[in-house]
Amino acid sequence: MIKSLTYIFGCLLLGEIIQTFGHLSIPGSIIGMLLLTAALHFKILLLDDVKRFATILNKNMAFLFVPPGVALIQYISTIQSQLLAIVGSCVLSTIIVLIVVAFTMQKLDKTNG
Amino acid sequence: MDELYAVLNTKIFSITFTCLVYLLSQKLYARSRNFFLFHPVLLSIAVLIAYLKISGVSYETYKEGGDYISFFLGPAVVALGVPLYLQIEEIRAQKGPILISLIIGCIIGILSGVFFAFLFGGTKEVIFSIAPKSVTTPIAMGISGSIGGIPSLTAIIVVLVGIFGGIVGVPILKALKITNPKAMGLGMGACAHGVGTAAVSEEGQVHAAYGGLALGLCGVITAILTPLFMNVVWPLMEMWK
C-alpha cells in the first residue's frame, strides 16, 4: 500500500514540478497521469506496484466530487442569473459532441458494423 | 448546546458527515434502481447544501473538512493512468479512427459549449468555466483554474453534464441507429465522462472499454486544447461585443 502511495504521489509531484518549471497550462495531475502511463508502459513501474491505491481512487472517484460540488452554495445566484447560458450551452453541446464522436467512429471503424 | 454546535464546526464532523451522506445516497440510488435524480453525487450535494443552509454553518467552515476529501482528486487523476495503460494495445490497433473521432469531438465540445454560452449571454467567468465541461471533474477543474474559470462552478457544471449525458445519451444513439459498440462507448465517454461511461457500460464490455478510453484521452486532448483555444476565442468574443 505504501509503495503504491509513494509512486502515485511521486507521479503527481513530478507532474506539478514539470508544470511549474515549464510554465504549462496543463494541470500537473494530468502530466502525472501521462507519466504514470508511460512508466507502466516502459516497465519502469509494474502494475502491482501502483494497483492498490490506484484501484481505490479509480473506484471511488465520484465521491471526491462532493465537497467541490457543495461550493454550488456560493454560485446559486450566478447560476440563477445565467441559467440559459449554463443549461442551454451544456445541453446542446453535450448532444452535439455525443453524435459527432459516435457518428465519426461508426463511419471510420471498418472492422465491424 | 454551544458545545454541541461547536462540534458541527469541526473538520472531523464535516468529513464524517460527508461520508455518511454519500453512503446513504448510494443506498437510496440503488434502492430507486438508479433513478437519475438520486444520483449519489447530485443527492449528496443537495443534502449537504440544505444542511449548511439549515444549520447556519458557513461554507468556509465546511470546506476546511471537505478539502481533505477533494485533495484526493489530484492523485485520482494520476491513477487514471492505470486504465489508460491497460488500453494502450487497443488504442494502437485502432489509433486512427479513435484519435480522429475524439479530437474532432473535443474541438467541437470546447467550441460549441463556449459559443452557446456566449450566445445565451454568459459572463466571462461562466464561459471559461463551461469550456472544459465534457471531461472528468478533476481534469476539468484543473483546466478551469488554469484558464481563469471558477473551478468549483466547473465542478457543478461537469457533474450536471455527466448526469444529463448519462440519461439521454444511449437512447439518442439508438434512435439515430448508431449501434457500433466502439462508437457508442467513445461518444458517451467523450460527451459525459465517467457518468456517461458508467451508463454505456451497461450495454457491454466493448462499450465500457471504449468509454473509459474516451474519458482518459478526451481529458488529455481537452487539457491541451482548451488554453490554446481560449487565448484565441475570447479576444474574438470581446471584439464581437
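Cβ coordinates are placed from backbone N, Cα and C, and glycine is handled just like the others.
Note: TrEMBL annotation is automatic and uncurated.
Bear in mind that the values here come from a model prediction, so they are computed numbers and not experimental data.
What TrEMBL records for this protein:
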- B:6-24: transmembrane segment (TRANSMEM)
- B:36-56: transmembrane segment (TRANSMEM)
- B:68-86: transmembrane segment (TRANSMEM)
- B:98-119: transmembrane segment (TRANSMEM)
- B:139-172: transmembrane segment (TRANSMEM)
- B:213-234: transmembrane segment (TRANSMEM)
Residue numbers, six or more beyond the limits of the transmembrane segment (B:36-56), whose CB comes under 8 Å of its CB atoms: 8, 17-18, 21-22, 25-26, 28-29, 62, 156, 159-160, 163, 166-167, 195
Chain residues outside the transmembrane segment (B:139-172) and at least six past its termini with a C-beta under 8 angstroms from it: 36, 39, 41-42, 45, 73, 77, 124-126, 128-133, 184, 187-188, 191-196, 198-200, 203, 219, 222-223, 226-227, 230
